[in-house]
Amino acid sequence: MAHQLLCCEMETIRRAYPDANLLNDRVLRAMLKAEETCAPSVSYFKCVQKEILPSMRKIVATWMLEVCEEQKCEEEVFPLAMNYLDRFLSLEPVKKSRLQLLGATCMFVASKMKETIPLTAEKLCIYTDNSIRPDELLHMELVLVNKLKWNLAAMTPHDFIEHFLSKMPVAEENKQIIRKHAQTFVALCATDVKFISNPPSMVAAGSVAAAAQGLHLGSANGFLSYHRLTRFLSKVIRCDPDCLRACQEQIEALLESSLRQAQQQNLDPKAAEEEEEEEEVDLACTPTDVRDVNI
């Protein structure tokens, strides 16, 4: 009798079936128009913030990414949370002692928008080492959504990746690996303040192009060659090909810098800190081989 009552069901998240109608050109045009309405200011560090520095944003963004990864959040949660954070910082001066509270609140709201089972206030407070209380986070949530005028359905680079892949004549197994690497690049870009000036569609296109280049897929498929893929993606998002190439090079340079810092931290943590302070911005002449990246 005891064995008959044993429940062996696995709790799985229910997902909708893919809808090809959501990937047509009309939807893409609407998305390209909508992304302009949710763009943060590129100069808020100079014009709005008195205490917050780019290095502080980098620290809190890295912490937010680690929380999202540990909680296995949907890929869209972290970039959406960073969109909220940048837009809020574009409008309201924030004390540096409140930056982590703002970051936690942005994750809290973004997870409600994208997760089936969102992050709880109590869990996020634990990740701050209980430096904030749940009631503080809930109050900050009201401040955040009111400041953003409840415009919370912002476009993120992830929204565009599927549109690009659906239009590319590429084998499904290659699409899967391009998607995975592009999603990783998008998260990496969200931690770097230099990419605030790039619209989500360009970050997505640059990430897809960088993934295809780094995986050397162009040798087997002429469509994925450097110039041909860049021209194709620039037409899709209606931008100058040179601007897209510059964005792609920035992504490759950021990846190379991140890999170099990670390797140095394993060897000499002190030397890695010194190099991070220098903030070198050298563009990679050749794409980083992303096959060496453990994603």
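Using N, Cα and C of the backbone, Cβ positions are placed for all residues, glycine too.
Look at Swiss-Prot and you will find 28-152 tagged as domain 'Cyclin N-terminal'. The region 'Disordered' annotation in Swiss-Prot covers 264-295. The ubiquitin cross-link feature in Swiss-Prot is assigned to Lys270. As annotated by Swiss-Prot, compositional bias 'Acidic residues' applies to 273-282. If you look up Swiss-Prot, you'll see Thr286 marked as phosphothreonine, on the strength of similarity to another entry.
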Helix, strand and coil totals (DSSP H, G, I; E, B; other) for the domain 'Cyclin N-terminal' (28-152): 87 helix, 0 strand, 38 coil
Per-residue pLDDT averaged over the domain 'Cyclin N-terminal' (28-152), given as an integer: 95
